[in-house]
Amino acid sequence: MWRPLLRHVQPQGWDPVMLHDVFNLVALGALNALNAHFILGGGGFELFWTSCMVYFLIDTAFVGIYPQSVKSPVVILSHHLVTAVYMLIPYHYPKYQWCMAACMTVEVNTWLLIARRVIGGPLIEAAFYVTWILLRNVYYPYLIWAFYGEWRAESRLCGSPWNPILATPCMQAFLSGLNLHWSVQLFKKRPRRGPGAGQGGGGTGGGGGGRGAGGEPVAKYNKHL
C-alpha cells in the first residue's frame, strides 16, 4: 500500500539492490569484526548482540519494503525472524553466548557472497567457495550435534527436557536446511556461468529476480550464486 507513495519520494535512479549490497558490506563487516573480537578476547558481547539485533531489524524492514532487493524475500525474512528469536537464548542465558558467536561466523561467507558480485576478483571468489563449504556445509551441521549436547546437559541440570535450549538444535537444523537448499542452487547453477547467467539474487537466499525501480535490471547486481 505504501510502495506507490515511496516511488514519489525516492530519488530518480534509486537502486535498492545496490543500496542493500553496500549496506550489508558495511554492516556485516562490522558484525564480523565484533564477533571475531568476542571469540578471540571473550569481551564485548553486549555490543555484538545489540548490533546484530539492530542489523536484522533494519534489514528485515528494508527487504519488506523493497523485496526486489533480494532474490527470495520470503526466505530471507523467515531466516531473519528465526535468527532474531534464536538470539534471545544467549541474551537470557549468558553461558550460551558462544553458541551465537559460532552461528554468526557464517556471516563471513555472506559478506564474501556480496563482495563477490560487487567487488569481484579471484581471491574473493576462492574465499567465497571455501567458506561456503566449511561454514555452511560442515560447521553448521556440526553445530546441530553440539547444541544437542548442550540441551542434554541443560536437561540434566534443570531436571526436565522441556527447557529453552531444546530450541537450539531444532533452529540449527532449520538453518542448516536452508544452507543445503542454497548449496543445491549454488552448485546446480555454477556450470551455467557466463553472459546472461546468474540472474536474480541478493541477500543470502535463492528465488526469482525482477527489475529495480526506474527500469534498471537488477541482474547487474543480482548474481547471487
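Note that Cβ sites are derived from N, Cα and C of the backbone, with glycine treated the same way.
Under the heading transmembrane segment, TrEMBL lists 21-41 (among others).
The transmembrane segment annotation in TrEMBL covers 47-66 (among others).
Sequence annotations record features per position, and here TrEMBL assigns domain 'TLC' to 48-188. As a whole-number mean, the pLDDT of the domain 'TLC' (48-188) in this prediction is 94.
For 73-89 (among others), the entry in TrEMBL reads transmembrane segment.
Feature annotation from TrEMBL assigns region 'Disordered' to 191-225.
The compositional bias 'Gly residues' annotation in TrEMBL covers 195-215.
Using a Cβ-Cβ cut-off under 8 Å and counting only residues 6 or more beyond its ends in the same chain, the transmembrane segment (73-89) has close neighbours at 49, 52-53, 56-57, 59-60, 63-64, 67, 96, 99-100, 103, 164-165, 167-168, 171, 174-175, 178, 203-207. With DSSP classes pooled into helix, strand and coil, the tally for the domain 'TLC' (48-188) is 125 helix, 0 strand, 16 coil.
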